[in-house]
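Participant: Per TrEMBL, transmembrane segment is recorded for 21-44, 123-143, 150-170, 176-197, 209-230, 236-255, 322-342, 348-368, 380-396, 402-425, 437-457, 463-486. Under the heading domain 'Major facilitator superfamily (MFS) profile', TrEMBL lists 79-491.
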């Protein structure tokens with residue numbers, strides 16, 4: 001019985017249809033960047049402590065009336081400076097930015113998130129990741145139960161509406177609520193797009209499109225730094241990154257459902273229709289033997305996703321726990337390095353721009369190494385590189401700012417490689433009917449890491465600036481070791497059943513695994 005990969009070889013593994021769908025979904029990936037890390041510009045504070053430049057210097061910089069300031073200030077409204085009870089201490093770093101650049105949420109007089117209330121900025125940064133975490137199980141189940149396309153469209157619509165509501169939020173509580181709800185749904189649209197494009201293409205192109213899909217996210221990061229500099233007012237910036245995503249609802253007409261998912265749900269008529277459409281778009285002849293692809297209705301039940309399926313066999317349990325840890329450490333190191341560089345840097349926009357640029361060579365390194373070395377060994381090496389870079393940053397003098405940024409960029413490149421590879425590995429280790437659920441559940445630990453990272457970075461820096469880097473180094477080095485416990489998936493077809501996924505861990509070589517699957521297929525056909 002042929003697999004979907006066999007059929008795609010006949011209708012076109014990466015023809016005109018796949019290229020158009022890929023480019024369309026890449027726009028979705030780029031638009032997710034502002035949601036994931038745009039918080040750096042929406043709610044980033046260079047320091048959480050109140051510092052004093054002196055009242056005269058403050059008046060000179062900002063043009064405030066010193067008499068008015070002293071009369072009204074008690075940790076007071078940003079318009080009159082955030083002061084201590086002595087009325088002489090102000091948040092120098094914050095107000096330097098405030099005087100030179102228009103408002104962000106934390107220096108908006110409506111919110112006043114300075115000094116004693118600066119912890120609310122950490123909470124705001126963590127809120128979207130908390131939403132990612134809480135939404136992972138539900139959104140992943142919806143994608144596997146009701147389809148990738150439905151999940152993509154529904155989550156995109158809700159995320160866009162909530163992004164607009166954030167821009168008009170009247171107070172901190174409603175802003176926090178909208179941010180949390182956006183986190184609940186926004187990651188589901190990115191993940192659904194990722195799963196869709198990897199299921200549309202053939203085996204020979206699967207990793208390439210997955211890597212380039214994530215590279216589109218990097219393009220979104222680079223664009224974000226320029227947009228944030230051009231539109232520094234946080235409400236207008238939020239609208240600028242939210243309103244264009246309404247256009248993604250056009251996917252209803254130009255992106256079909258995944259034939260792999262439809263096949264797992266035994267919706268055979270739709271499978272035939274979509275594969276015929278793909279063949280037509282790619283200039284191939286319609287297939288006449290598609291019925292060979294279908295499982296016999298009276299032998300095989302329709303496969304339903306279940307959380308328990310992620311732990312039902314020994315290999316799946318091991319894979320799930322390791323992937324959870326890798327997702328967690330990837331998030332902590334990735335976001336932690338961004339925040340640490342921003343907190344210790346002189347120019348938030350340029351530092352973010354430079355560190356984002358290094359993600360492009362990371363994608364090329366992946367493309368150049370995976371075909372030769374697979375995923376596991378390069379991923380382990382990249383984890384070790386990121387951990388070593390964090391360790392080295394501890395000993396770099398503050399006066400050597402250029403060296404610190406360079407080493408941070410090396411670490412950022414290493415953890416970017418890991419992030420992209422762990423997405424690939426996660427999608428390739430789970431069978432089709434729980435693939436989206438498996439990716440979402442494992443990546444929920446990434447979201448948990450994102451929840452705690454702002455508190456880890458800023459609160460540990462209050463103790464010692466190198467303390468968060470020490471933690472990052474330990475996490476990265478351990479991750480490099482446990483990565484080697486995963487099976488290599490180079491040249492292996494996507495597993496369709498739990499048994500196929502279990503066999504990935506038993507077979508030492510991909511070719512042997514494919515021979516084993518052919519024998520199993522023959523046995524099932526004989527019975």
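Each residue's number is its place along the chain shown, starting with 1.
Positions of Cβ are set from backbone N, Cα and C atoms, glycine also.
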Participant: How about the transmembrane segment (348-368) and the transmembrane segment (380-396): do they have 3 or more C-beta pairs under 8 A, pairs 6 or more apart in sequence?
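Facilitator: Taking Cβ pairs at least 6 residues apart, the transmembrane segment (380-396) and the transmembrane segment (348-368) are not in contact, as fewer than 3 fall under 8 Å.
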Participant: So which residues does the transmembrane segment (176-197) touch in its own chain, when a touch means Cβ under 8 Å and the partner is 6 or more beyond its ends?
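Facilitator: Contacts of the transmembrane segment (176-197) (Cβ under 8 Å, skipping residues fewer than 6 from its ends): 18, 21-22, 25, 28-29, 32, 35, 123-124, 127-136, 138-140, 142-143, 148-149, 151-152, 154-156, 158-159, 162-163, 165-166, 169, 209-210, 213-214, 217, 248, 255, 258, 423, 427, 435-436, 439-440, 443, 447.
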Participant: Per the 3+ Cβ pairs under 8 Å rule, pairs at least 6 apart in sequence, do the transmembrane segment (402-425) and the transmembrane segment (236-255) touch?
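Facilitator: These two segments do not touch.
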Participant: Rank 150-170, 236-255, 322-342, 463-486 by Cβ pairs under 8 Å to the transmembrane segment (380-396) and hand me the top one.
Facilitator: 463-486
Participant: Determine whether the transmembrane segment (322-342) and the transmembrane segment (463-486) share at least three Cβ pairs under 8 Å, counting only pairs 6 or more apart in sequence.
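Facilitator: They do touch: at least three Cβ pairs between the two stretches lie under 8 Å.
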Participant: Could you please provide the mean pLDDT value for the domain 'Major facilitator superfamily (MFS) profile' (79-491)?
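Facilitator: A mean pLDDT of 79 is what the predicted model shows over the domain 'Major facilitator superfamily (MFS) profile' (79-491).
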